[in-house]
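S.K.: Mind looking over this structure? Questions follow.
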Amino acid sequence: MATIHVDGKEYDVNGADNLLQACLSLGLDIPYFCWHPALGSVGACRQCAVKQYQNADDTRGRLVMSCMTPATDGTFISIDDSEAKAFRESVVEWLMTNHPHDCPVCEEGGNCHLQDMTVMTGHSFRRYRFTKRTHQNQDLGPFISHEMNRCIACYRCVRYYKDYADGTDLGVYGAHDNVYFGRTESGTLESEFSGNLVEVCPTGVFTDKTHSERYNRKWDMQFAPSICQQCSVGCNTSPGERYGELRRIENRYNGSVNHYFMCDRGRFGYGYVNLKDRPRQPQQLRGSDWIHLNADQVMQGAADILRQAKKTIGIGSPRASLESNFALRELVGAENFYTGIAAGEQQRLQLMLKVLREGGIYTPALREIESYDAVLILGEDLTQTGARIALSVRQAVKGKAREMAAAQKVADWQIAAIMNIGQHAKHPLFITNVDNTRMDDIAAWNYRAPVDDQARLGFAIAHALDESAPAVADLDRSLKGKVDIIVQALAGAKKPLIITGSSAGSDAIIEAAANVAKALKNRGSDVGITFVASAANSIGLSMIGGGSLDQALELLTRGEADSAIVMENDLYRHAAKDKVDAALDNVANLIVVDHQRTAIMDKANLILSAASFAESDGTLVNQEGRAQRFFQVYDPTYYDDPKKPESRSIMLESWRWLHSLHSTYTSRHVDWTQLDHVIAACVEALPQLQGIVEAAPDATFRIRGQRLARSPHRYSGRTAMRADISVHEPRQPQDIDTPFSFSMEGNNSPLADRQQIPFAWAPGWNSPQAWNKFQAEVGGSLRFGDPGVRLIEAGEGTLDYFDSIPAAFTATAGNWQIAPYYHLFGSEEMSQRSDVIQQRMPTPYVMVNPADAAALGVNLGTLVEFNCAGQTLRLPVRLSDTLAPGQVGLPLGLPGIPPILVGARVEDLREAVQ
């Protein structure tokens, strides 16, 4: 700690910080532009000037840039000094000479750091009356709009995009006061993290193009604390709504998880919530017609189905909340509950849980990954399957430069000096995958091989680290030298990290990763292990347990159950089409609960219109084992026209539908009237989920008697927004499930004792930089702790080494193994329904080694077809020199190419008949 003196007052601060960060952490306001907590200091904008004095007796002092000045013990500064204030105002005036006065039409208005800083410095009158420099804007793709004329040349965008996210296609061009930030030519930004430019940019140069189409000011939207539903990482988000539509998603700060950044799929992939073809009312099939029902009618109809059924099973979903899966389990009974996950995938998830619980290996939070100094990734194309983890790994690799700088006593925030000292030095990163990955640019070595061979390499590394681990007898000689290099790097690291997951479709690769981690732990290393799962709640559903989807389908095919309830699950993604069809042909009554129209609904008798994440509350468990609550953003019924009952929205949380059905079926009163009741019942029945109670406060939580506001206090137009429906303003929706209010009424103070924050706003801070006001220390944890609770902690380490080493892959003529390829834009079930994501999705393809292509007599672009898992695929050929012969790569998860094809065999690959 250090003691500094600011305007005559004494403060204790972190001596490792610079003065800007220290003062902001104290709650003192110093304007700034180029500095960012995650990007460090470069002193480019000169906006954060303060007066520094030599000692208490010095009355003259000198101007210094607070972001470039260490907070050393005994520092005396003044923020309010008249010279410093005048200098800061003049800096804004310089910046404004070329900045257009277009706030009323700028999409950043009301969410703009430049506006905040201009007001903070007191600059309110423009003296510049001459020509402004102007630029041509670029088309940067479907996600981001570009308006270069608003640029103040703070350099944040390129520092984030190039230096932090390792993007290569955004740069700065020009000189002196005429610089241009963009691409060499128009084109889609290639980085999977480009959307963060929207929040990193302090002005309106980069804005959310998906928001532009249905634009609202920040103060006119309703927000809620939420969790990204698009992968297993569990990034915290702030979705914003107006007029019953999601308008945008912003990053929500969580110091333990995603902190300031998220991936583009999570930010822009929300369009499926706004689709017009969503089921918005319950429907029942009568003859060949679908009849719309009200809630009471559909509950009676569903209860009659259950009463007449010989046996009913429930099929859950890894994209549904814990509460919804538990409600289905309670309805059908634990013995009749099936997870909706394919048997192989479920086995891999249970294996990962076993390692997490019994392996004795620590699983780091997402933010902690950045502190590791050697990383081995086995079988995951991490940028496509867990993108935000990939961004953290990039920071871990860059940690080498920080380590070198620290040895020379350079402060951690002196980023320009750190980069100069580091000269692109990196901590070692080793990657195995079936083909190239998006992280190859920072890897020390890449091993491209079939999945079984990747697992064998992992087992060999474990044995080289610890001879008591099982050996790989016939390892390829060419790999032994590489194994030695990897072993040397991992063993020499202070904190090695092993990353793997379920997407490779292999138990062996998970076991190999566990063996490597155990071998390192036996050597005394502070080792970590991170698993990547396939869906937002895969880990949570695995903790609930239940039969696999394969078992459920077998039961239905044999006729042992004649009715099924399928909740938020398109079975065709998790099982072969012919097996699903055969099973459902034997089902007398199929009840489907979902918020999206899926192929399974074509075979349903009854459809219950569920609420999406934006219209519901629930709990998810991420790949780390962290339980996190997401909250309802808006009530869709508020916008219903009472004169048009046929268009009324009847969308309830899946758990509400299922519990209501349970109560109707058993002729008893509804027990679960609010979310807290479900959670209490869940933890009583499933003690392993006990911690979810602490994931968020209950519905009775208040701050000084107030609920928490979902909307900023400047929210406007409430009395007019339904005027086209009725001039009579209805009562605002009442939230019985959470401590939030569906309005601006309530507490939104940055100083309030809460972790769940719907939106970032503080007096004088309207932009995302307002998160500074919610943090215990700027860039650290939130003031009252980061939300979420870990359900799994490393045990004593009772797990033995795994010894099921697979045989080496052998290519066989006329027989190919499907190798998994994943795409951030397209492989995930929900986001692929969004229009803007579809613009970034690749055309489906089959990847073939050139030698195999020559043997087949096909070329690049040739259409080939083959049968697999009960369906015929017809796809154009792509060629890859680095895909091992004997394999065909498929973009798993894209429409029509289910993920369960991973590892399957293809025997009849042939050129398609034109």
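Yeah, the Cβs are placed from backbone N, Cα and C, and that goes for glycine too.
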S.K.: What does Swiss-Prot list, out of C201, C263, as binding the same [4Fe-4S] cluster 3 as C228, C231, C235?
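M.R.: Looking at C201, C263, the one Swiss-Prot places in the [4Fe-4S] cluster 3 site next to C228, C231, C235 is C263.
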S.K.: Determine which of C67, C103 appears in Swiss-Prot for the same [2Fe-2S] cluster site as C34, C45, C48.
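M.R.: Answer, per Swiss-Prot ([2Fe-2S] cluster site with C34, C45, C48), from C67, C103: C67.
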S.K.: For the domain '4Fe-4S His(Cys)3-ligated-type' (83-122), find every same-chain residue at least 6 residues outside the stretch whose CB is under 8 Å from a CB in it, and list them.
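M.R.: Sequence-distant neighbours of the domain '4Fe-4S His(Cys)3-ligated-type' (83-122): 29, 31-33, 45-51, 63, 128, 130, 132-133, 145, 147, 149-150, 152-153, 177, 202-204, 207-208, 211-212, 215, 217-219, 764-769.
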S.K.: For the domain '2Fe-2S ferredoxin-type' (1-83), give the DSSP counts of helix residues, strand residues and coil residues.
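M.R.: Output for the domain '2Fe-2S ferredoxin-type' (1-83) reads 12 helix, 27 strand, 44 coil.
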S.K.: So if I measure Cβ to Cβ from C106 ([4Fe-4S] cluster 1 binding site) and keep only same-chain residues at least 6 apart in sequence, which ones fall under 8 Å?
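M.R.: Set apart from C106 ([4Fe-4S] cluster 1 binding site) by at least 6 residues yet with Cβ under 8 Å, we have C112, E147, R150, G204.
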S.K.: Taking helix as H, G and I and strand as E and B in DSSP, count the residues of the domain '4Fe-4S Mo/W bis-MGD-type' (221-277) in helix, strand and coil.
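M.R.: Counts, helix then strand then coil: 11 helix, 18 strand, 28 coil.
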S.K.: Please identify, from the binding-site residues C34, C228, C263, the residue with the sparsest Cβ neighbourhood, meaning fewest other Cβ atoms within 10 angstroms.
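M.R.: Comparing Cβ neighbours within 10 Å for the binding-site residues C34, C228, C263, C34 has the fewest.
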S.K.: Near C235 ([4Fe-4S] cluster 3 binding site), which residues of its chain come within a Cβ-Cβ distance under 8 Å, counting only those 6 or more away in sequence?
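M.R.: In sequence order, I227, C228, N251, N254, V257, N258, M262, C263, G266, L366, R388 meet the Cβ cut-off.
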S.K.: Quick one: which residues besides H99, C103, C106, C112 have a Cβ within 8 Å of the [4Fe-4S] cluster 1 site's Cβ centroid, in sequence order?
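M.R.: Once H99, C103, C106, C112 are set aside, the remaining close residues are P100, H101, D102, E108, G109, L114, Q115, R150, T203, G204.
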S.K.: So which of the binding-site residues is most packed in, judged by how many other Cβ atoms lie within 10 Å of its Cβ, out of C45, C67, C103, C112?
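M.R.: Of the binding-site residues C45, C67, C103, C112, the highest Cβ count within 10 Å belongs to C67.
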S.K.: For C48 ([2Fe-2S] cluster binding site) and C103 ([4Fe-4S] cluster 1 binding site), what Cα-Cα distance in Å is obtained after rounding to a whole number?
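M.R.: On Cα coordinates alone, these residues lie 23 Å apart.
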